[in-house]
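Heads up, the thing below is written out as structure tokens.
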Amino acid sequence: ALSMFGTTVGLYGIPWCKKSLLLTVLMSVIGASMGILDTGGNVLALNTWGAEAGPHMQALHFSFAVGAFVAPILAKMALGGSESKDFPITGKTNQSVPRSVPTASAASAASTLQHHLGADFLWSYVVIGTYLLFVSFFFFILYSKGSSARDKSKASLQKCTFAKYHYALITLLFIFFFCYVGAEVTYGSYIFTYAKVFAEMKENEAAALNSVFWGAFAACRGVAIFCAACLYPGTMILLSIIGSAVSSSCLAFFATYPASLWVGTAVYGASMATIFPSGISWIEQYTVVQGKSASLFVIGAALGEMSIPLQGRFHHVPVVMYAALVTSAMTVVLFPLMYTLANSPNESDLKEMGESEDRKALLSNSGLNEDEE
């Protein structure tokens, strides 16, 4: 509730900013609020549904994918509609404005256009901020009426036990999410540029390729809601990393072929869709996932996103494809290692096994059969 309210404050304030410092502060407030929301949402889902959180976790992250896929389309439609309707000279100003038009008139038209689009952006921020304010209000209501649920979740948390290699698992999953989210955002951000520079596609074809990636990503997350009800999280992760490894290999070595580029992009997007929510559901089966652990997962994902601009310096090398291949290889290596550590018996399990063996030995020495026992 607090994170949604903080995002609302930032959205309400941004359209009125006249100073870059104030804009930076408000953007930082939104970024921090969204980071808290990402962490708190995952922990809230685990605390609410426990072992049955798989489909709910997939639905939560499906909403992220739908928003990422739909929002740019809606924004383009809104801006495109206003431009073509009222200001036809935008977009291709040099071709549309006759040479006889004075420069002052063109500057006046640009100023009018900027004012018009500024009003549209203002209402966009107000509408989205109001929507988030209502969501924040409902979360505050749930919090005020959920004291018994919080006590129950604390009691169930105390009954849970930590895995033998708890900290090693958290660290490895941190690195796992660093590679996964970094690869996901890198490919989604740079595939458009790759298609234009290296594949020599037209702008609309490159945009379509980008839409194929995010569309397959969102669609597969929607299907994963139902798959999570009948498949274990580990199985879904295994299928995802195999698909990402195969598709990234094809993209790295055969992306010069158009069919390989299109099919590989779709398969890669679908393979990347379920890894993050499945990873959180999977680790929760073996050890306790508290707020600190979940925040480390989100930090690892954010660091993966922040490392993206580093590849922008290499203009003549298809770094995006090699990055996808390397990160896929990392996930293929990390997951079996995490699975081995997670299934290692802890001291309490070994103690119970020893007591069971001692009990069987005593019963066998006493000569009692099953009925007498």
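Glycine is no exception: its Cβ is also placed from the backbone N, Cα and C atoms.
Note that the structure is predicted; figures quoted are calculated from it, not measured.
Here is what TrEMBL records for this protein:
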- 20-47: transmembrane segment (TRANSMEM)
- 59-79: transmembrane segment (TRANSMEM)
- 122-144: transmembrane segment (TRANSMEM)
- 165-192: transmembrane segment (TRANSMEM)
- 212-232: transmembrane segment (TRANSMEM)
- 237-255: transmembrane segment (TRANSMEM)
- 261-283: transmembrane segment (TRANSMEM)
- 320-342: transmembrane segment (TRANSMEM)
- 348-361: compositional bias 'Basic and acidic residues' (COMPBIAS)
- 348-373: region 'Disordered' (REGION)
- 363-373: compositional bias 'Polar residues' (COMPBIAS)
State, in range form, which of 122-144, 212-232, 237-255, 261-283, 320-342 has the highest count of Cβ pairs under 8 Å to the transmembrane segment (165-192).
320-342
What parts of the chain pack near the transmembrane segment (122-144), using Cβ distances under 8 Å and only residues at least 6 beyond its ends?
1-2, 4-5, 7-8, 11-12, 14-15, 75, 78
When you scan the chain for residues with a C-beta under 8 Å from the transmembrane segment (320-342), skipping those not six or more beyond its ends, what do you find?
163-165, 168-169, 172-173, 175-176, 179-180, 182-183, 186-187, 190-191, 193-194, 234, 237-238, 241-242, 244-245, 248-249, 251-252, 255, 268, 275, 283, 285-287, 311
